[in-house]
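Let me give you the structure first, and then I'll get to my questions.
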Amino acid sequence: MFLISSGEPLESGDVRGDAGGDESSVLVAVRVRPLNSTERSQGDQGVLCCPGQGTILVNNGAQDRAFTFDAVFEAGCSQHEVFEQCGVKRLIDLATDGFSCTVFGFGQTGSGKTYTITGPQSLVSSFST
Ligand SMILES: Nc1ncnc2c1ncn2[C@@H]1O[C@H](COP(=O)(O)OP(=O)(O)OP(=O)(O)O)[C@@H](O)[C@H]1O
């Protein structure tokens, strides 16, 4: 889960599946991490479904429960899509114009916070060499 905040209201058009309507300086986005090789090898199954409109369905084995956020990114979404569509790219532009901006990752260990903030390791490596 990512809280995205800037010193000026973000436009709702920055966010796919906008559910709020009112402009806000804080947006909450969820990115689903794909199952990793360990999880796949032990036969784990995904329990999340992303039908759009900022909604995520969590299946507890018996029924779906729906939760709504400003944006939801399913497991197949690229880093580019996440940064572009949840407004992070625009925050970088605002930051260079002097606005205070924050992107805050929240989730259990291994859920993908570092990956989402910094990008895939291959991308990080290409900047550090
Ligand atoms: N969207 C994604 N697509 C592919 N792999 C991912 C994705 N998100 C995370 N991963 C992989 O899952 C693993 C855990 O991700 P990451 O290190 O970002 O978790 P974290 O939430 O920062 O964990 P911690 O809180 O323990 O630091 C890493 O190997 C990372 O490459």
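Every residue, even glycine, has its Cβ placed from backbone N, Cα and C.
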What range among 1-22, 45-66 does TrEMBL record as region 'Disordered'?
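Of 1-22, 45-66, TrEMBL gives region 'Disordered' for 1-22.
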Taking ligand 1 as the reference, state which of the binding-site residues Gln108, Ser111, Gly112 have a Cβ closer than 6 Å to one of its atoms.
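What lies within reach of ligand 1, judged by Cβ under 6 Å, is Ser111, Gly112.
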In the predicted model, what is the mean pLDDT computed over the domain 'Kinesin motor' (25-129)?
91
Only counting partners 6 or more residues apart, tell me which same-chain residues put their Cβ under 8 Å from the Cβ of Gly110 (ATP binding site).
Arg33
Near Thr114 (ATP binding site), how many other Cβ atoms are within 10 Å of its Cβ?
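Taking all protein chains shown, Thr114 (ATP binding site) has 12 Cβ neighbours within 10 Å.
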Among all chains shown, work out which of the binding-site residues Gly107, Gly112 has the most CB atoms within 10 A of its CB.
Gly112
